[in-house]
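Database features, via Swiss-Prot:
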| type | residues | note |
| --- | --- | --- |
| ACT_SITE | S249 | active site, proton donor |
| ACT_SITE | Y272 | active site, proton donor |
| ACT_SITE | K276 | active site, lowers pKa of active site Tyr |
| BINDING | I32, I55, T59, K65, Y272, K276, V324, S326 | NADP(+) binding site |
Amino acid sequence: MGSQLIPATAPWDSVPAQEQLFVLITGANSGIGLSIGERLIDEFLATRSLRSHLILIPTTRSKSKSLQTIKALRDYARKAAQTSQALQSRVGSSYRWQDTVARVHVLSLQVDLCDLRGVYAFADALVHGPVSNPEGLEGEYLKNVRIPRLDTVVFNAAYGGWSGVNYPKAIWVILTEGLVQSVTWPSYKMALPTARLNDKANYDYPKEPPLGEVFTACVFGHYVLAHELLPLLCRQSETETPGRLIWSSSLEAIERVLDMSDFQGFKCDGPYESAKRVTDILSLTATLPASLPSSNRFFTPDDPAEARAKPIRPRMYLTHPGIVASTLFPVPWFFMWAYELALLISRWIGSPWHNTDSYTGAKSPVWIALQEQSALDELDAERIKWGSSSNRHMQVEVKKTEVEGWGWEGKVEDAAALNADTAVGVFKKTVGRKRGAVDVTKEDIVKFEELGAESWKNMEDMRHEWENILGVKKA
């Protein structure tokens, strides 16, 4: 597999590797995904050296969406370069916004995460290259360029699978549980039964084993993609910054939504929330002893020579955007104003999670992507679910998020430990808890680790099973 084309010289080849940052974002043509790209541009330009290059690789499901995304991110970079007082002050009177724009590159490729054959082909093209932007661009056209590595991959793409809102129930829940709780953990969304991708002719899957649409779009497609991208994510030595896999989860990934006997959520009332619970469990337990027999296989490249040459595995992190006014939520456009108002009011009265707009919601994955590795290691950041959070004054921070059965950091914390939290105001751990939340116990954490081991085994079994079904690996 792989292309035989000779790679062209890329614009970022003019600087050393430490002055390059390669970030792939799935589902990046709108919403949170597009905002992650925008926020990366802002924070990268504000914090990195004036020689450094940012290479954004937003994925979409069509060439037309890729062209729109490239244009949107280029326009955003141009505006940022022209209006940034911080950049002008860093450079001085010799500042030219054109020089700044020339350090931001957008290469958009297409992948449908429900099309597993397409996922394998996408990863193969990116790993072996070269790759190109779709035809039809003005300005910089990246053609036949090679991606030497990936520094960060953000798993943002998702599919909700909702049919609408039960409005009488919504009114009742708001009246009985209060506005903040009811718009943070809404129990009135109506989910469609998750579709079997096997029944969709365009994917050409066999009738069995079943493959759930929501589960594959949210979890399994990303899981397969991550493994296939290991040649770009693994490193040769500890002196190199490891690659980062960043999952985008949800506040709604609560314990009761996942039934391990219905792992793909075919029978549950909330397949999206169930898939996000699986995401939480996988990410938080990836390095725990019980999960290692399966997770070590996942983090090892298939090519033995590649595995020997690059033994340093990528790190896995967990984030969520808080609550934003997204088209993913099943509200008709003519009711969206009311939904946005409810989110605003919730933030005004003290909720840390109602960020309202997608740019604010993009804070946590961008923060993970741009932090020094030593800072993340000191925080033991792989054991924490990092949420995008804001207060009524629109101060935006990352906030540790409670996970049912795990707590905030995978350890028991008594009142004294929680009182020692140095965060201020709504950014403190205990602000914004779900009503009825109980403090985690040692027994809970043991059970969570067991769920992790079972989930990792399930995912690895699925990955190998579908590799064999599709025949995508060389003998």
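For all residues, glycine too, the Cβ spot is worked out from N, Cα and C.
Shown here: features listed in Swiss-Prot, placed on the structure.
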residue: I32; record: NADP(+) binding site; Cβ neighbours (10 Å): 27
residue: I55; record: NADP(+) binding site; Cβ neighbours (10 Å): 23
residue: T59; record: NADP(+) binding site; Cβ neighbours (10 Å): 26
residue: K65; record: NADP(+) binding site; Cβ neighbours (10 Å): 18
residue: S249; record: active site, proton donor; Cβ neighbours (10 Å): 27
residue: Y272; record: active site, proton donor; Cβ neighbours (10 Å): 26
residue: K276; record: active site, lowers pKa of active site Tyr; Cβ neighbours (10 Å): 26
residue: V324; record: NADP(+) binding site; Cβ neighbours (10 Å): 23
residue: S326; record: NADP(+) binding site; Cβ neighbours (10 Å): 18
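Of all residue pairs in the NADP(+)-binding list (I32, I55, T59, K65, Y272, K276, V324, S326), the one with the greatest Cα separation is 31 Å apart. K65 (NADP(+) binding site) falls within a helical segment according to DSSP. Rounded to a whole number, the C-alpha distance linking I32 (NADP(+) binding site) with S249 (active site, proton donor) is 12 angstrom. Counting only the Cα atoms, the space from V324 (NADP(+) binding site) to S249 (active site, proton donor) is about 13 angstrom. Nearest to S249 (active site, proton donor) in space, judged by Cα atoms and limited to the binding-site residues T59, K65, S326, is S326.
Note: the CA-CA distance between S326 (NADP(+) binding site) and K276 (active site, lowers pKa of active site Tyr) rounds to 17 Å.
Closest to K276 (active site, lowers pKa of active site Tyr) in space, going by CA atoms and restricting to the binding-site residues I55, T59, K65, is T59. Counting in whole angstrom, K65 (NADP(+) binding site) lies 24 from Y272 (active site, proton donor) by their C-alpha atoms. Y272 (active site, proton donor) and T59 (NADP(+) binding site) are 21 Å apart (CA-CA, integer value). DSSP assigns S249 (active site, proton donor) to coil in the three-state reduction, placing it in neither a helix nor a strand.
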